[in-house]
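Undergrad: Sending over a structure as structure tokens; questions will come in a sec.
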Amino acid sequence: MRFDKLTTKFQQALADAQSLAARNDHPYIEPVHVLAALLGDPDSGAASLLARAGVAVNRVQPAIDSALKGLPQVQGEDNVQVGRELQSVLVRTDKEAARRGDTYIASELFLLALADDKGDAGRILREAGLQKKALEAAIDAVRGGENVSGAEGESNREALSKYTLDLTERARQGKLDPVIGRDDEIRRTIQILQRRTKNNPVLIGEPGVGKTAIVEGLAQRIVNDEVPETLRGKRVLSLDLAALLAGAKFRGEFEERLKAVLKELAQDDGQNIVFIDELHTMVGAGKAEGAMDAGNMLKPALARGELHCIGATTLDEYRKYIEKDAALERRFQKVLVGEPDVESTIAILRGLQERYELHHGVEITDPAIVAAAELSHRYITDRFLPDKAIDLIDEAGARIRMEIDSKPEVMDRLDRRIIQLKIEREAVKKETDDASMRRLAVIEEELEKLQREYNDYEEIWKAEKAAVQGTQAIKEEIDRVRAEMAELQRKGQFDKLAELQYGKLPELEARLKAADSAEREAGESDSGKPRLLRTQVGAEEIAEVVSRATGIPVAKMMQGERDKLLRMEDFLHKRVVGQDEAVRLVSDAIRRSRAGLADPSRPYGSFLFLGPTGVGKTELTRALADFLFDSEEHMIRIDMSEFMEKHSVARLIGAPPGYVGYEEGGYLTEAVRRKPYSVILLDEVEKAHPDVFNVLLQVLDDGRLTDGQGRTVDFRNTVIVMTSNLGSQHIQSMAGKPYEVIKEVVWDELKHTFRPEFLNRIDEVVVFHGLEAQHIESIARIQLKRLGERLEKQEMRLDVSDAALAEIARSGFDPVFGARPLKRAVQQQIENPVAKLILEGVFGPRDVVPVDWQDGKFVFTRTLQ
């Protein structure tokens, strides 16, 4: 017979049979080798065909293994020949193919030829229940009246089961999530499916709004018989385009597979509805030089009504791919899927609640569901409901489950800190200097304290974990172990029996005892001990997830934070001196926003700081960032003098399409996208081009800005501070006059520089006073304190006398330049001499660096600490 007339699958089976014979040192390939190869290939379909013919396939494999062991072996024989018995079976296979009119010989005909085989392979199949007539009927059913006319004829058989997923079957098994709401969209989809022509709906909507869920909802309705008569009993099949493309190495393979799918769909008389998720991927899929893509192959079937199809894609991709192909677009009817509102999202989450509770093994409360919908809508602006709300519920549930299964976060942090200190201890032990010895003592003390704390937590955690897991699961486990012990005893496997009897069983019984006592004590509240494990997902857990994802402090304010906000002025005054009015206005704005009273559609606060140079405008902004985020890193500083030209506006929001740098994004918009909760400092704002203020209008009013790529950036969680020197000459000339009078004069000058619509959108215009002599001394203390902190890192202490402090303040005071000359005075009169003395070795570790003013000069006299 001609081996080139075998189908690809059959050729592969013969090659595998040859390898099997060679591995086992068999000199000849026998029918049993080929049978083993066919059953060993999951893609061959031989096992499913035999099962359909009533063969007990699970009995076949052990019998084949036994038959292979009984075959003669020849050591060192490399040339494996086709055995006489196999030749005889192949001849019968060839005759059967000719009788059926097949151009190529398929592997199922080999199985049919084995039905009459007198050898091992035939005997094994007959003993497993093979009957020739049943196998012939199964082959006819699989072929569907088609002949094998190509080498891939076998591969493309049952294409629907290979390349699609049956959603109606999954719905029947209860594997699909319940679909809540979306009745209008499902009804419109059903309406389009019932049309005579162009009965192909395409669901178009933003990512995450529930397009796929609508199709799953349709599948569930079909299963529940909640659809019109024309749709009853139909199947919804999800097309797996990746499976169609995977492994299509040669030209025409992909087209052949898709053609096989379309052919099967054409034969089913419209009983199958194909769902193509990400419909735009069909345009261009499988396209090679001069070949057709999947989109073009679908058009005729769609036009004739042979293919009942539902597509789903996003708005952008529909416009980019489908709309460009007018012939494809006209064959689909659009169903726009909008983003559900917060109320609808809450209803959807309530429907999914039970599924997520089962998956995570925790309880999800109703306040958590409401919080997930509201907080995701408010704070996660770059994604869509209900997807982003479901994500919050899912992640909060996963977090609680993880705490139950593994160490609680507080213990994990302690554990890592203990390891870190142990590593440091080993490194410091090798050093012999005094500083290392002192550090070693500190490490030992801290390690002992942390270890005690960890042990206390571990004791609480173990008790709580035992209570949470409950007794039922442990009882079931004990029951299972005892059943396993009885089985092992019957088999005489006493080593494994001993492991269970003296190892696992006592451990489980101890756990059961602990769980029982923990459950009894669960009702008794122990206020002295912190609770480590949570079993409920509440609103606070959702807020924690949002806070971690966005960096925005959404979580309920703890008492410590409330006190901190109430004393905000004291914190800011530690760094900003002499600007009481400015500090009060800024503090009030932050308190309003954190108390939830500020307008949610605008930034937390927008301020215009006015005043002479060096009075603390930028320093107050830095102090504000430090107060809100415990770090000045969260301050986005933009020097507006860099935006003096008209075209420089594009640098803020990103270049428009077609310009160089389009993909890079804007300087301001990208910074806020990465840190949505931050203080934005627009320094020297009056130096910017007037067009820059047009961009800022929508930021100040609506709290959002559209960048060069059309993405909306959320500024609602930012504090915007603009600084300017405008009116500084009036502020200095009117020193000592009431604040309101100075502000009125400065306001008149502002009107000449900035447009009314810009000024009208700013929350507060804050006028900074010029600094006076008494303020400079307080600022000098702050500057010297920072110098002292730098010296402390070198184990030295700075001690400045009152006389020296007064002299520094006097020499550093300049009413025109504010506090900046003071910084230079500290640098020149203190830092420079001290730096020289340290380098000369006069001052070293554990020394006090005294600074005094004597006889018209600064004096530094060394004393031991």
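Quick reminder: no glycine exception, Cβ is built from N, Cα and C everywhere.
Pulled these features from Swiss-Prot for this protein:
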- G205, E206, P207, G208, V209, G210, K211, T212: ATP 1 binding site (BINDING)
- G611, P612, T613, G614, V615, G616, K617, T618: ATP 2 binding site (BINDING)
- 390-524: coiled coil (COILED)
- 3-145: domain 'Clp R' (DOMAIN)
- 6-71: region 'Repeat 1' (REGION)
- 82-145: region 'Repeat 2' (REGION)
- 158-339: region 'NBD1' (REGION)
- 340-551: region 'Linker' (REGION)
- 561-770: region 'NBD2' (REGION)
- 771-865: region 'C-terminal' (REGION)
Undergrad: For E206 (ATP 1 binding site) and T613 (ATP 2 binding site), what Cα-Cα distance in Å is obtained after rounding to a whole number?
TA: 49
Undergrad: Looking at the binding-site residues listed here (G611, P612, V615, T618), whose Cα lies nearest to that of K211 (ATP 1 binding site)?
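TA: For K211 (ATP 1 binding site), the closest Cα among G611, P612, V615, T618 is found at T618.
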Undergrad: Rank the binding-site residues K211, K617 by how many other Cβ atoms lie within 10 Å of each Cβ and give me the one with the fewest.
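TA: Candidates: the binding-site residues K211, K617. Fewest Cβ atoms within 10 Å: K211.
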Undergrad: For the ATP 1 site given as G205, E206, P207, G208, V209, G210, K211, T212, which other residues of the same chain have their Cβ within 8 Å of the site's Cβ centre?
TA: T314, V337, E339, F384, D387
Undergrad: From the Cα of T618 (ATP 2 binding site) across to the Cα of P207 (ATP 1 binding site), what is the distance in angstrom?
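TA: About 41 Å separates the two Cα atoms.
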Undergrad: Average the per-residue pLDDT over the region 'NBD1' (158-339) and send me the rounded value.
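TA: Within the region 'NBD1' (158-339), the model's average pLDDT equals 80.
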Undergrad: Which range out of 82-145, 561-770, 771-865 gives the region 'NBD1' (158-339) the most CB pairs under 8 Å?
TA: 82-145
Undergrad: Should any of the binding-site residues G205, G208, V209, G210, T212 have a Cα within 10 Å of the Cα of T618 (ATP 2 binding site), which are they?
TA: none
Undergrad: Once near-sequence residues are set aside, which residues in the chain of V209 (ATP 1 binding site), 6 or more away, have Cβ atoms under 8 Å from its Cβ?
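TA: When sequence neighbours closer than 6 are ignored, V209 (ATP 1 binding site) has V337, G338, E339, P340, F384, L385, P386, D387 within Cβ distance under 8 Å.
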Undergrad: Tell me, in order along the sequence, which binding-site residues from G208, G210, T212 have their CA within 10 Å of K617 (ATP 2 binding site).
TA: none
Undergrad: List only the single closest residue to G616 (ATP 2 binding site), chosen from the binding-site residues G205, G208, G210, T212 by CA-CA distance.
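TA: Spatially nearest to G616 (ATP 2 binding site) by Cα position is G208.
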Undergrad: Relative to the Cβ position of G616 (ATP 2 binding site), how many further Cβ atoms are located within 10 Å?
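TA: By my count, 26.
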Undergrad: Which one is it: of the binding-site residues G208, G210, T212, whose Cα lies the shortest distance from the Cα of P612 (ATP 2 binding site)?
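TA: Closest candidate to P612 (ATP 2 binding site), judged by Cα separation, is G208.
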